[in-house]
Every structure is written in C-alpha cells, then in structure tokens.
Amino acid sequence: MVQSDKKRRSTRSSKMVSSPVVMTRMQAIMQKEMVREFLAEFMSTYVMMVFGLGSVAHMVLGGKFGSFLGVNLGFGFGVTMGVHMAGNISGAHMNAALTFTNCALGRMSWKKFPVYILGQFLGSFLAAATIYCLFYSIIEFSGGRLTVTGPIATASIFATYLPDHSTLWRGFLDEVLVTGMLQLCLFAITDKENNPALQGTQALVIGILVVVIGVSLGMNTGYAMNPSRDLPPRFFTYIAGWGIQVFRARDWWWVPVVAPLLGAYLGGIIYLVFIGSTIARRPQILEDSMVYEDRRIPVLPKTMPNPPMTSPLTPVSVSPINRPSVRTVPPLSDPIHLEHF
C-alpha cells in the first residue's frame, strides 16, 4: 500500500511538472514566424469563406433571403474581416494567386509559399464543411440527390461552375482579366509612394474592391479569382456525396486554379511597369543627428580643438568670432530610396 501511494504521488507530481513544460514548448512553437503565418492564413481564409459560402447558400437555398448582391457583399466584407484578422501577421493573402505573385516578383520567399497555401487550403476546406453542416437542408432541397448541374443543383454553393452561355476558353480569359484587375488594384491600394488607402482603412477598401469586381465582372464565371477559394471546397463536395461530376462538369475545375495565377502575375507586372516605375521615389531625408551617426556619416568633426581651461569666474566672450566652427554635413552621395507597395 505504501509503495502504491508513493507511485501515485510520483505520477501526480510528474504530471504537474510536465504540464508547464508542455505549455512552454507550445508557446515557443506558436511564436515561430512560419507557424504564426500559417495560422493567420488558416483563420483569415476560414472567416472569409464562411461568410462568402454562407451568402451563396442563402442565394441558392433561401429564395428571397439571398441575392447575387448579397453574395458580393458576403465575400467582400468576409475579405475585410480576414484582413483585419491576419493583415499584420501574414499580410492576409487568403488567395493562392496573390501568394504566387508575391513570390514570383521577389516580394516574399518561396520557402513560405507552401506554408501559406496549406493554411489557405485547410481554412477553405473547413469552411466548406462548416457551411455544409449549417445548411444541411440542401439534401432536402435537392430531393435527396446532391446534384452538380440542373435546376436543383447545389454544388455551386461551394465552387464555381461554367454557365451554359459561356465557353471554356472565354471563361479562362474572364478569370485572367478579373484576377488581374484584383492584383492591379491591390498594388495601387497598398503603394505608399503613390496614393494608398488611408492608414486603418485598407481592409475596408479591399473589401469594397471585391464587391465592385463581383458587381461589375462576376456574372460570367462567378469570379473565383482564387484557387484557395475554389479547389478545396470542390474537393469537399467530391467526398461529401456530389461525386466525381464536380471535376468533370464541362472540364472547368482546372480553370479557377490556373487562370488566377496567370492573371494575378500579369496584373502585378502591369502595375510595376506602367505605374510603379514611373513614380519618382523620394530619397529618405535624414534630419536627426543620431540617424547620421547610425549611418556612419559624421555630423561634427571627430577632432575638435580642446577649449581653453577657464576659471568659473573668468568672463567668456560669446561673440561670433569666438564661436567654434561647425562643418556642414556633406550631401549623401547615394540617396536611399525606399519602395513600398
């Protein structure tokens, strides 16, 4: 009995000791940059997709409770909430096309690319599962059959599908153009050397941009503009009962994956070439002497003549003739240009 009591006490003490150690390790892991960026992309994409897919479910299932304008507002302000959530941590891409463009243009390391994509895809997939659970009435709406096309199709709640009035390559060009407009305007909104959105309003302005794109250009293909918005929910519908038809319907599934990558890259290049390269980048003006010293630019001569020793009672002349000479700071030979987008 005594030995068993000792064993129980030792196990309890070991558990009490191990729990703080585990918490410390978890905190250390959570503070790593890659982990924080992964979680930021995961959560921001999840929030955006829950609002966006929920608004689509209202339009498909709810009749008067939903509309195409409601879908645009749902995705637009979903993006706004996502930017508020992760903008200061990962940049709140929430879009594989934007992540690809930032890496391709050298604005972000390629090592972060799989981390961002994994976070976005998992967040989008989980959002699709959440909407499926919340709106389980879709099974009743479709008569117990989960259909991809037709008047009672419900797969369009989760992913985009090419309408009958459009062709495959016309839809491809539409996605390229729409995503290019998105990236072009995003660079303009965040370019500090141009005319950016006011500090603190970027999230709202970006959300309004998504709404405007949807209202003006969203009819043809549903303006996916985002592989992370389309592919994970499509895969969810495949395993949730809609079947392989979600990938076979008019061979559309690859277009929202490939076209946004091309469109975002072209939009970024167009802005940098036609707008960014024409902006006169102001050199940084260094006015503080401490900044000069940090830059190793001497503000005053390093060797100054020692002032004569005087008694506290000795009068000291302060005429201009007796003032110590100060050399002016030479101009910077190579002005420092700061580029922000």
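Please read every residue number as a count from 1 along the shown chain.
Cβ atoms here come from the backbone N, Cα and C positions, even for glycine.
Pulled from TrEMBL:
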type	residues	note
TRANSMEM	38-61	transmembrane segment
TRANSMEM	67-86	transmembrane segment
TRANSMEM	115-139	transmembrane segment
TRANSMEM	168-189	transmembrane segment
TRANSMEM	201-225	transmembrane segment
TRANSMEM	252-274	transmembrane segment
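Where the transmembrane segment (201-225) meets the stretches 38-61, 67-86, 115-139, 168-189, 252-274, the count of C-beta pairs under 8 angstroms peaks at 67-86. The transmembrane segment (38-61) and the transmembrane segment (168-189) are not in contact, since fewer than 3 Cβ pairs between them lie under 8 Å (pairs 6 or more apart in sequence). Within its own chain, the transmembrane segment (67-86) has Cβ neighbours under 8 Å at 40-41, 43-45, 47-52, 54-56, 58-59, 92, 94, 202-204, 206-211, 214-215, 218, counting only residues six or more beyond its boundaries.
Outside the transmembrane segment (115-139), and at least 6 residues removed from its termini, the chain residues within Cβ reach (under 8 Å) are 34, 37-46, 48-50, 53-54, 57, 60-61, 90, 93-96, 99, 146, 154, 157-158, 228-229, 231-233, 235-237, 240. Using a Cβ-Cβ cut-off under 8 Å and counting only residues 6 or more beyond its ends in the same chain, the transmembrane segment (168-189) has close neighbours at 97-98, 101, 162, 195-197, 202, 205-206, 209-210, 213, 217-218, 220-221, 223-226, 250-252, 255-256, 258-260, 262-268, 270-272, 275-276, 341.
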